[in-house]
Amino acid sequence: MIATDLRGAVERLGDMIAEASVIVPFTGAGISTESGIPDFRSPGGLWSRNQPIPFEAFVARQDARDEAWRRRFAMQSTFGAARPSRGHRALASLYRAGKIPAVVTQNIDNLHQASGFAEHDVVELHGNTTYARCIGCGKRHELEWVKACWERTHHAPCCTSCDEPVKTATISFGQAMPEQQMHRAGDLAQSCDLFLAIGSSLVVWPAAGFPVLAKKCGAKLVIINNEPTDQDHLADLVIRYDIGEILGPFVGN
Ligand code: NAD
């Protein structure tokens, strides 16, 4: 069913939330556009400006690593200033109320944690861009350290422990998905009775498989996205309105 008016959509969603015992949200870049972080595929989104750098190129070439870090630092004022949107805050309210056990996200911006989710209840499928890791030994490095090295040498640095390249703690195209998070997301999708896909074009796989899995396992599926997705036909409710307008009424104390 496609919601035809905003008020009706909020009411219908409210009923489904009230009826559900376990709600699992699955979020994409669209929940963070209100926070000032552009998504990938909208006009003016990140992909219209830069093609992503595949993992293989990052590993193989210093110039690819330099470019990846140049782009990351260019985005720092945006990521640094971002605060949770109404969508993030509504989900955090439902989490505090015990309706949501954890959030599954494709986002890398740390805004679910900033909105009040405990770190271990944010299942990050594509990692986190607010810190870095060595791709060899996995040691965590802070962005301030990377920036200081960058400013001194004009190159992306290598790890202080093992001398392998240091990369934002994100999953790039061509890089293996994080096993533990994939597993946990699968468990959550299979054990909820309401699955909310919010602000995702649902074209990035394997992440886009989770709404399908939840539906197959008996959950009701709601898709909130301002443009159609390939999975709309599977959903019990499709809401093509602004996420902040739809989820704003669910922001609690
Ligand atoms: P996407 O860019 O493919 O899709 C975002 C969808 O959200 C689009 O369909 C867009 O129309 C919709 N949207 C944007 N703002 C909206 C709003 N206010 N209300 C309703 N709908 C809105 O993003 P994706 O599906 O998450 O996949 C892209 C990949 O890019 C992800 O894997 C993620 O890792 C990465 N990414 C993350 C961030 C972030 O962390 N904030 C930002 C850009 C890209």
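Using the three backbone atoms N, Cα and C, a Cβ is placed for every residue, glycine included.
Owing to the predicted nature of the structure, the values given are computational and were not obtained by experimental measurement.
Pulled from TrEMBL, these are the features on record:
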DOMAIN    3-253  domain 'Deacetylase sirtuin-type'
ACT_SITE  H126  active site, proton acceptor
BINDING   C134, C137, C159, C162  Zn(2+) binding site
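Feature map: annotations from TrEMBL on the structure.
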| residue | record | contacts (Cβ under 8 Å, 6+ apart) |
| --- | --- | --- |
| H126 | active site, proton acceptor | Q106, N107, I108, T170, I171, A207 |
| C134 | Zn(2+) binding site | H141, C158, C159, S161, C162, E164, P165, V166, K167 |
| C137 | Zn(2+) binding site | C159, S161, C162, E164 |
Which has the fewest other Cβ atoms within 10 Å: C159, C162, the binding-site residues listed? C162
Excluding C134, C137, C159, C162 themselves, which residues in that chain have a Cβ inside 8 Å of the centre of the Cβ atoms defining the Zn(2+) site? I135, G136, G138, K139, C158, T160, S161, D163, E164, V166
When the Cβ positions of the binding-site residues C137, C159, C162 are compared with the atoms of ligand 1, which fall under 6 Å? none
